[in-house]
Amino acid sequence: MEAGSALEPSEAPGLGEPWAFDPELADDMDACFTAFDKDGDGYLDLKEFGSVCRALFRNDKGKIYSLEPKQLYEIFNIFDRNKDGYIDREEFTRCWNQWIKTIVRPVSVFLVVDVQNDFISGTLNISQCAAQQNGLDVIEPINRLLDTVEFDAVFYSLDWHPSDHVSFIDNLPYRKLDDSSPIKAEDAKTYDTVVFAGPPLMKQRLWPRHCVQDSWGAELHKDLKVVEGAIKICKGTNPEVDSYSVFWDNKKLTRTTLGDELRARNATDIYVCGLAYDVCVGASALDALSIGYRTILIDDCSRGVDLNDIEKTKQTVASSSGVIVNSNQIKAMVEGRDRRAELGYKLAIELRKREEDPEAASKLPMLAADQQVEVESCNA
């Protein structure tokens with residue numbers, strides 16, 4: 001979605017200036033409806049609703065983020081519940097309470113992924129991988145965000161592997177490869193991908209031994225700011241399956257506590273960054289989107305392994321209605337002063353999904369009811 005100003009912002013009747021969705025002002029739903037009901041007929045048509053969106057999706061400097069026409073029409077139809085081609089005051093009440101208020105006053109959490117010693121200067125130093133990016137680069141901008149932005153909650157994830165973990169190449173002789181594996185055990189090298197016989201059958205990239213529980217390599221880097229009240233989430237604790245996402249393992253056999261923590265805080269927006277961009281950061285961002293969270297990937301606070309995979313991660317996040325920004329844009333977004341059209345579209349689509357399946361919000365996505373919850377204390 002491109003920012004644009006071809007369409008002039010709506011003006012509240014008699015005021016001679018655009019309506020402002022100000023997070024600091026008291027709610028005034030009726031005044032908002034009246035401001036955009038230009039013909040005074042008690043309804044908002046598609047054009048009038050488009051004016052609402054042009055006033056809503058902008059930054060604190062007045063730059064407008066435009067919805068694509070198809071997306072505007074789709075959102076309009078989500079709130080036009082009786083499908084008469086208009087949004088009446090009752091329908092606008094739902095739009096205001098479930099959509100506009102969340103966009104203007106989001107509940108924002110900061111997820112800092114795997115900023116651990118082994119990925120920066122240890123056994124899996126990402127600067128020695130194909131992209132040759134320095135993991136140290138993420139620490140200063142992350143610390144600056146922690147010092148200047150009032151997130152509603154902060155989470156730190158840690159790879160927290162047992163010594164016999166399936167991803168370690170030196171453990172390869174202890175597990176059988178499936179006949180479908182493209183590489184045989186005797187030919188496998190670090191960073192190759194093999195297929196283990198399981199069960200379950202599992203494709204696995206082979207990594208150097210890293211982030212072993214209670215080791216120096218598994219500790220968060222000493223220069224990373226750890227804020228009071230933050231929550232640490234451990235992943236990769238099952239020796240038989242790897243865990244890139246902070247939500248659950250790669251086979252979705254077990255989940256971490258992150259989902260429960262987010263639901264308990266009524267989180268709406270997740271800001272994701274850390275190491276490695278194209279592995280655990282990307283997997284966590286995509287899972288957050290698949291669950292239904294408005295997801296923001298922080299580009300300058302992330303470093304990765306492979307440039308092509310980093311680009312693929314960006315493309316997949318963007319095509320899933322996620323947003324990729326730099327750290328200097330985060331404060332205004334968290335404060336509701338910079339409101340992106342992509343995130344508004346994402347929220348509207350999730351509202352429609354919940355209406356179609358009212359129990360969806362309480363379900364554990366893609367997990368069976370009898371699967372075990374991974375609840376691991378990091379002690380790091």
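Note: Cβ is positioned from N, Cα and C throughout, glycine not excepted.
The domain 'EF-hand' annotation in TrEMBL covers 24-59, 67-102.
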Cβ contacts under 8 Å made by the domain 'EF-hand' (67-102) with residues that lie 6+ beyond its boundaries: 1, 21, 27, 29-30, 32-33, 42-46, 49-50, 53, 56-57, 268, 341, 344-345, 347-349, 351-352
For the domain 'EF-hand' (67-102), residues assigned helix / strand / coil by DSSP: 25 helix, 2 strand, 9 coil
